[in-house]
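These features come from TrEMBL:
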type	residues	note
ACT_SITE	206	active site, proton donor/acceptor
BINDING	140, 158, 206	Zn(2+) binding site
DOMAIN	86-210	domain 'VOC'
DOMAIN	216-340	domain 'VOC'
């Protein structure tokens, strides 16, 4: 289920608060779940220990990074667009993971793909979606022991779920006790039928009518303070395509759909700019999007050439060996790039 031709309630943020340094917390999934770490939120979710073995790894990584240098910025940006990339999963924190899993499976029709508890680090992970992680976009939930609520913030917008029948889906959600915040009906200024609901933690989901889509979990919407700047960053640093852009002066917002393939076939990132709002409080609930790549070292170099911020240098995760790099966009939203081969091994 893919991103809709238009979403509603894009702006609907009466006042934006200064951007709070939203937390990214210790590494969390089998792969790179950097979602949370108890109540104390960290600025860098992955901490490297200073052991001889890790120093050797770091040296090897530095040597590989040096060997990936591009001869020009154009060569780097061209490589990023040709790299084998797709959105893997979105990571965020919840206060009651079993309650959330029940809501997503019973009300939204998702499947629990895998779940694991790590008592020594005091967290639990669960992956949910509409198809196998090898091919489909997924949700990664993180529950940190003893933390029962998070601040979703004003910057996070919503997740998109495409369905054959919005009205029936909304009635099922209502029957299960779900909160419907926007009844089914055409999107403002368009014909696509949509509705809005909230999950137990207050995350908003846009339910949109799009029959037959291969990817029901179709979008992640984030608010940005400068849309053109954000588009340029995701095109150059992340190798995404601008799929479409639409200005809505009547409602004072502009949206841009960014991704690695058509909206009706792939999950996309929806960026929303509300007129006059340049900063948002990001809260501490939403964590990041994970993106697959054939080379995390080259990816990190491209990000730096794009004047982006690399918050976790490219290299293998201690104990796992999965190679990743973590970056921030100009608005402080985080993305983690994961080596495609390593990710496939994680799922075996």
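Glycine residues also receive a Cβ, built from the backbone N, Cα and C atoms like all the rest.
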Rounded distance in angstrom between the Cα atoms of the residue listed as 'active site, proton donor/acceptor' and residue 158 (Zn(2+) binding site): 7
Cβ-based isolation winner (fewest other Cβ atoms within 10 Å) among the recorded positions 140, 158, 206: 158
